[in-house]
Each structure stands twice: as structure tokens, then as C-alpha cells.
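Remarks on the structure that follows.
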Amino acid sequence: MSKKYVIALDQGTTSSRAIVFDHDANMVASSQREFGQIYPQPGWVEHDAMEIWASQSSTLIEALARADIHSEDVAAIGITNQRETTVIWDKMTGKPVYNAIVWQCRRSKAICDELKAQGLEEYVKDCTGLLLDPYFSGTKIKWILDNVEGVRERAEKGELLFGTIDTWLVWKLTEGKVHVTDPTNASRTLLFNIHQQAWDEKLLNALGIPRSLLPEVKPSSAIYGQTRIAGEGSSIAIAGIAGDQQSALFGQLCIDEGMAKNTYGTGCFLLMNTGTEAVKSQQGLLTTIAVGAKGEVNYALEGSVFMGGATIQWLRDELGLIRDAQDTEYFASKVENTNGVYLVPAFVGLGAPYWDPDARGALVGLTRGANRNHIIRAALEAIAYQSRDLLDAMSKDSGVELKQIKVDGGAVANDFLMQFQADITNVDVLRPELTETTAMGAAFLAGLAVGFWSSTAELKHKAGIERRFKPKINDAQRATLYDGWKEAVARTR
């Protein structure tokens, strides 16, 4: 095999990464660059789309150099990305008309309220599997069309293009030749009928979004186009796309009905593959699109928590309680419990299963005896409590009581958090040998599309488990802790 590697581009909320994998799914080299976060007003979050592209393209060049390989050694590139984040650009100049509006941004709440007043809430849920929340792309697009001078007119003339970050990166990588997305990203726009797998005219009309803005939707594992790295060398196929959470689900090989994973990133995201059936949630979860064993469309239930690792960043950057995220395990382990302290990190509202954009964060149960260690421990426990909220909702919706859950993302290196997650949910928590499963999913999708790997069966032995965390507390202890959490959440609403 002359082409011995695949590359995953992992474009996240705070950084862009490129990771080189070999045929045994080993990580050969990687590169990472952070980029700026823009906060124009409270509750507003933006990125500079050109800075995202610059950071992502430079990591691609750097990862190749670190692996000491050339473009002719690479079979394919796969892309995984922060979902929902919205870019609109001029298709002639390639220049964005406004900063990218990030998934965390709440500015389009009034637009959501208007759509609710029009009686569209149930239609949106039935058609897209989503809720009318500022989280999703559709209302962000409308905000740009309505609030940036001249943009609506240009959009109606067909001069502009919309994309989530995957679409933006493919467009840049192919020098403006390919305007495409995949079903997992399309399913997060609030504009995509997940049953018919097509853009929905009724929702486009309701939001006043011209059809010409939207990309073509192609399978998650397919050849979309070719790119030359820095305009040089052999062309490489761009052959896999999946939104970050669906990519992690695929990277964990949760490709059969009833398999689930929890990703601990900026937010926390619990997904369960429900196979070919789209399960409508009664518990405030989302119905979304996942990727099946052969790259086909499957469905999943998803619970999203906005503040996971971002809570730890807050401890570091705003409170100065820690120097590094890794310090949290040391400080949390210095105390036996939180001394009754609960942190509810509703900094931008609450996600699933509450969906309360007006909730605000709270530190509850403080006494004179509360110290730094208790607060740090409460922050870690909050991540696990929020995941328990999601797990309970998912069990009720699916009728499946999970016995184990696969985990990935940066925070899974924290043994304290993983053990507390097992304790509070009463399920086994399985940590993989390779925790970069989001990037791995994109690499798998791209490699399968070009025949680098023959099937998902070939991949199964490449996804080993490093450690299994088993619950260590009893039911009474678990109930007392979780009741305290529910009381704390009630105080934020």
C-alpha cells in the first residue's frame, strides 16, 4: 500500500487540530492551534472564520511535517467539526460577510420566540428532531440576513453561501469548487427534514432563507473533492465528514442500535445509536442523525450540556483557582466530598433535558467551611451530574437501560471524574485506549470511502478499552447526592 496514512481535521470550539493516523489507527503525529473567542455582548459568541481557516490549514501542514510524510503518502482527509456554528460568505471573493456565530451564542432567542408564537414548535420537532433553541444554525442565519447591512439582498441574488464549519473548510480546501455538507451536520441546522433527508421548504420559508445559500448534502463517507496542501504536491481526496459528536460515536464504533458514548469537550454530549428508527424524545432530548456501519444514515438520541470542560476553563481563567485543567483531580481528591457545595454551570442557560435559556449559574450550599478544594470538586461533579440527567432521560425515551457507556474527550484523563461518573450513574464507564475518538471517527469515515480500510469489522480490533470504571457507592448515597443536585438546579431557574 503506497498510501499509508489518513488525516483527520478536527475543528473544535477553541482550537483546530490535524492528526495523522496509520493503518493500525495509531496516532502518528498531530498539530493544534488555538484561535480567538469573540464576546461582543453577554450571551453572544463569535469566531473569525478566516482565523479558523488559517489555524486549520497551518495544522495540516505542520502535522505532515511532524509525521515526516508528504501528500502522496496520504490516502484521504476526513473532517470533523464543531456543529451548528454558522458562516455566510461571498462565493466570488470567499470573504465572510460577518463573523461566524458560534453554537453557544444565544442572540437569536427572540427569533426562536417568534417561531414559537407562529405555532411552529411541534413541526420543528417532528421534522428536524430539534427544539426551537438559539443553539441551532437556522435562527443564526436569519439573524445575519436581518441584521448585517445588504446581506439579505445579496443572498436573494444568489451571491452568498452558507455553511457549518465542515462546509466552510471543504470550500476553502477545494479553492471554492465544492459546496457540500453531510447529513450529521445538516441535521443540526433546524432546516433539514431528517426523515426525508432533504432541506425543508416550510422551514426555509418561515425563516426567510433562500435555498441558494444551502450546500448539497452527501453521505458522511464519500469522496467530495480533492485538495492540494499549500497548493503543492499530489492531490488528496477529502472523503469523510461528520459533526464532532456523531464522529465520536462512529470513532467509538457505536454503530449498532443501543450503543452509547459520552464526549467530554467544551460541552458534554451523550449520544445513543437508535438504528434505523428515529425515536421522538419525550424527555427534552434531540433526535439526530448518526452514521451506520456502512456509512448509511442511522438515527440517534442526543443530550447536550453546554458547559462541560468550559466549566473547568472558568475555574482557571475567571476565578484563578487552578493553573491547569489537570490540577482539578489533585485538588478534588484532597477532600472527601464537596461539603454540601453544588456548582450549577448554567452560564449560558441550561441545555438538555431542561432547555432553559434564561437559567443562570449558581454556587449553592456555601458555608464558612467551604474552601477552594470543595468548589473545584463541585465543578467536576457538576459535569457528571449533568451527564446523569441526560442518561436518565435517554433511558426513559429509548426503553433501554444502559449497563455501560463509552467515554472520550479531554476530560476522560481525569480518573476522579470518571469514577464519580460511574458512581452517580450506576453504570460502568469504559475509557478507550485512544481517547481522540472524534478525530478517529473522521479518519475512519475517510479511510472507508477510499478503501484504506475495507469495513467497520476491520476496525473493531483497533478500538480497545484502556480502563473500566465500576460504581463504588451504594444506592442510598447515590440518591442523596443526586437529590442535592436537583435542588441546586431548581434554584437557577
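Cβ coordinates are placed from backbone N, Cα and C, and glycine is handled just like the others.
Swiss-Prot names Thr13, Arg17, Thr266, Gly410, Asn414 as ADP ligands; from the candidate set Gly225, Gly309, Gly365, Gly369, the record adds Gly309 to that same site. For the glycerol site, Swiss-Prot gives Arg83, Glu84, Asp244, Gln245; the one candidate out of Tyr39, Tyr123, Tyr135, Tyr224 that the record lists there too is Tyr135. Take the mean position of the Cβ atoms of Thr13, Arg83, Glu84, Tyr135, Asp244, the recorded sn-glycerol 3-phosphate site; other residues of that chain with a Cβ within 8 Å of it are Asn81, Gln82, Thr85, Val102, Trp103, Arg188, Gly243, Gln245, Gly267. Residues within less than 8 Å, Cβ to Cβ, of Thr266 (ADP binding site) and separated from it by at least 6 positions along the same chain comprise Gly12, Thr13, Thr14, Gln104, Gly308, Gly309, Ala310. In the three-state DSSP scheme, Tyr135 (sn-glycerol 3-phosphate binding site) is classed as coil. Annotated pair Gly410 (ADP binding site) and Gln313 (ATP binding site), C-alpha to C-alpha distance, rounded: 12 Å. Cα distances from Glu84 (sn-glycerol 3-phosphate binding site) to the binding-site residues Arg17, Gln245, Gln313, Asn414 are smallest for Gln245.
Looking at the residues that bind ATP per the record, Thr13, Thr14, Ser15, Thr266, Gly309, Gln313, Gly410, the two CA atoms farthest apart are separated by 14 Å.
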